[in-house]
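K.L.:
So TrEMBL lists the following for this protein:
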SIGNAL    1-28  signal peptide
DOMAIN    17-132  domain 'Cadherin'
DOMAIN    156-241  domain 'Cadherin'
DOMAIN    242-349  domain 'Cadherin'
DOMAIN    350-454  domain 'Cadherin'
DOMAIN    455-564  domain 'Cadherin'
DOMAIN    588-678  domain 'Cadherin'
TRANSMEM  698-721  transmembrane segment
REGION    818-876  region 'Disordered'
REGION    888-937  region 'Disordered'
COMPBIAS  896-910  compositional bias 'Basic and acidic residues'
Amino acid sequence: MVYSQRSPGSRRLLLLLLLLTALESGSGHVHYSIPEEVKHGTFVGRIAQDLGLELVELVPRLFRVSSKGYRDLLEVNLQNGILFVNSRIDREELCGRNAECSIHLEVIVDRPLQVFHVEVEVKDINDNPPRFLRREQRLFILESRIVDSRFPLEGASDMDVGANAELKYKLNPNEYFDLDVKTNEEETNILELVLKKALDREETQEHLLLLTAVDGGKPELTGTVQLLISVLDANDNAPKFDKSVYNIRLLENAPNGTLVIKLNASDADDGINKEIVYLFSNLVLDNVRSKFIIDSNSGEITVKGELDYEDCNLYEINIDAVDRSSFPLTGHCKVIVKLLDENDNTPEMVITSISLPVQEDASLGTVIALISLSDRDSGPNGQVTCFLTPHVPFKLVSTFKNYYSLVLDSALDRESVANYELLVTARDGGSPSLSATASVSVEVADVNDNAPTFAQAEYTVFVKENNPPGCHIFTVSARDADAQENALVSYSLVERRVGERALSSYVSVHAESGKVYALQPLDHEELELLQFQVSARDAGVPPLGSNVTLQVFVLDENDNAPALLPLPGAGGAGGAVSELVWRSVGAGHVVAKVRAVDADSGYNAWLSYELQPAAGGARSPFRVALYTGEISTTRSLDEADSPRQRLLVLVRDHGEPALTATATVLLSLVESGQAPKASSRVLAGAAGAETALVDVNVYLIIAICAVSSLLVLTLLLYVALRCSAPPSEGACGPGKPTLVCSSAVGSWSYSQQRRQRVCSGEGPPKTDLMAFSPSLPQGPGSADIPRQPNPDWRYSASLRAGMHSSVHLEEAGILRAGPGGPDQQWPTVSSATPEPEAGEVSPPVGAGVNSNSWTFKYGPGNPKQSGPGELPDKFIIPGSPAIISIRQEPANSQIDKSDFITFGKKEETKKKKKKKKGNKTQEKKEKGNSTTDNSDQ
């Protein structure tokens, strides 16, 4: 409606209405009312305006209306925000005979999510006339019935409510019957036909009456039924009940056979006319007959079918008591059964508008889902409460009556819990209460909040040198606790300089698999350790990353052949050694020594020497020590030996495969009257050496001239070396100790040319004694026949200084290489003994370099070898009154779990062995061979 002008009073009224509308919309609940049966498009209300929503935001915010169970009766025009009737609304169809009838609407808008509740009340109009169940009602009345007798009639029903359902009855005018209408406590009408004049069957056998029902609506609507009354002859007294109406209260779901009531009627007649039969009246409906049954003899009414309060809560049963006369008389009563509600319906739950998945960084209070509840029961049985599974980051918030919102209550972490299975429980107020549950699966969407992590902060990789370019050496793997692209990890090198070159020229890493490749062959002699970092970064926004350190140790391979060293004072560095040998020397005399080194390390640098067989198979009077390279005589020389001896010494390392080098040694035998010049050793080529020895007579003349002076000098030097003590400090100076290892062929010393100086055999002996607990079994190489110890055997000053002390051996056999050096575990070797049960200690020489270690070998009297983890009981030091004994404590000893070496006197051991034969002979041999070198041990 359009107004041309507005008065100040109308303006104030309009402002007041707008204020009330705003307050109502702010509360989220709007109420409308419309009559039923209005036309399509009928205006209901300006719902958008009443809810405080702008028309322009209805479509962007996805404005929608839902009504549970009412189809599309109402609709909203999104252009103008008006709620209108979309289809026919029949109040009786929606709500039946309920006094109140409303349509509940849910108005939902997004961005942000809001829910409004609208209640549209449907008002009743008088659109239903009163209706009788039958078109006609037949009554049988005896003519003997007295005046004022009453006969029950079936009333009409009106589907409307309120005043529209208030019925009035009227009977067409007649002289015999009148209508009496009463209202019971249930506010239902009881119709009775009252006889106001005695009947005469002979005058009128049937009476036809018209009963009219008029409702209270405007305009009034009516309904009619014909009453067909047949007048019966005979019986004077009809049966009578105690009451005309019986009110019974019965629990719903009463089992079949439950007694409702036992009726009792009496008849004043005698004989057969007094016998009564109880029957359902013709007025009883079929649905009542399906629920109850009556015993015709006893008058007991029992339950026959299922009683459901929600389907029907009130039953009216008309009972006839009929006597057995030929012309039976009938008494009437009504039984009204009112059902009492039981809590037999579980709550119903509907979950709508689910917003999934939920970001793990979603703010508190975010609405996840909407929940509506209902229960068909009434009273406390229909009051429903809702609650959620405990200990979850969500909660339920009540919005309106039986409506709840599922909202976020605390922070989410997808890495801890990626999915929540929520259990929503609805419970009514009955006793016992009933409940219904619904499962809501809430998926948590990932955000990039976790950086990739490695299992270790540092990895150690061992790679053999000379690897092929592009070979795979290691695989790094990082794990990202995030999901999808946030968990996609890519790998890259953290670039740095390695010497003069970039790190990327040595290694590369595959971006996806994390495989690390060596781009070029690595050389142990050039680069022993390559340390770098690999970075792992995810694909999230922003990306997160972490680093891991790789230590790549380059392992040595046998790629360097032994290299021969020149002798000190020699004029060249060729492969030949030229020496003069006195023919009168005895067996075991050292005539020359071959020296060699290997640039490799470990077993690959452990050198051994062997003498090649002479041409023609002739047996040479010389031999070479296996690990020292010293060439000595095997017997006394005689005139039959060639004056010129050409020896080929093969130097071999222990690598796989072994590499070799060959040294040529030219020996010139000098007659007994001449003295060999011990210091004339030179290193020259094989061809040069042969040329220098073409004329042996020249050397013999020189030897004869200098024999006297050189012989005296040689003896003095020999005595001084054997008797004088070595200095406290080694000739090589301080340095890292040499690693001593054992194998099937004996002990060997590990020394790297780049780290330590190579000391010659003429220098002072080492001052350190290092022994390790054996951990490897002895191989066949240790089973060689041991030789008697040489009296001029030398031992270090530090060993002599500790004769009366104990040397503690580390149980695990760990050798510490010095500050900053790695700890190595190496096995120990056995020893050789000059006496049956004694032992001899000798410093081994391996790979052409000095060693700080000692070897132990058993003598001929006790050739047994130590087993794994064992040491010899004791051994002696030749030339010294001391003896070294080894005490091993059991592994479970509480005193000490280490091995000990103690020093004592050799005489104590000899006293224990006096009964054994051959000791004196052995000692004499030991003194007689004082000039024999023990280098072959």
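Backbone N, Cα and C define each Cβ position, glycine as well.
Predicted automatically and left uncurated, TrEMBL annotations should be read as such.
The structure displayed is predicted, hence computed values, not measured ones.
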K.L.:
Going by DSSP assignments with H, G and I as helix and E and B as strand, what are the residue counts for the domain 'Cadherin' (17-132)?
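P.N.:
The composition, in the requested order, is 22 helix, 40 strand, 54 coil.
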K.L.:
Is it the case that the domain 'Cadherin' (156-241) and the domain 'Cadherin' (17-132) touch, counting contact as three or more CB pairs under 8 Å in which the residues of each pair are 6 or more positions apart?
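P.N.:
Between the domain 'Cadherin' (17-132) and the domain 'Cadherin' (156-241), which are separate recorded stretches, there is contact, as judged by 3 or more close Cβ pairs.
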K.L.:
I'm checking region-level scores; what's the whole-number mean pLDDT for the domain 'Cadherin' (156-241)?
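P.N.:
So the average pLDDT across the domain 'Cadherin' (156-241) works out to 87.
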K.L.:
Of the residues in the domain 'Cadherin' (156-241), how many are helix, strand and coil by DSSP?
P.N.:
4 helix, 41 strand, 41 coil
K.L.:
Tell me the residue counts in helix, strand and coil for the domain 'Cadherin' (588-678), as DSSP assigns them.
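P.N.:
Split into helix, strand and coil, the domain 'Cadherin' (588-678) gives 7 helix, 39 strand, 45 coil.
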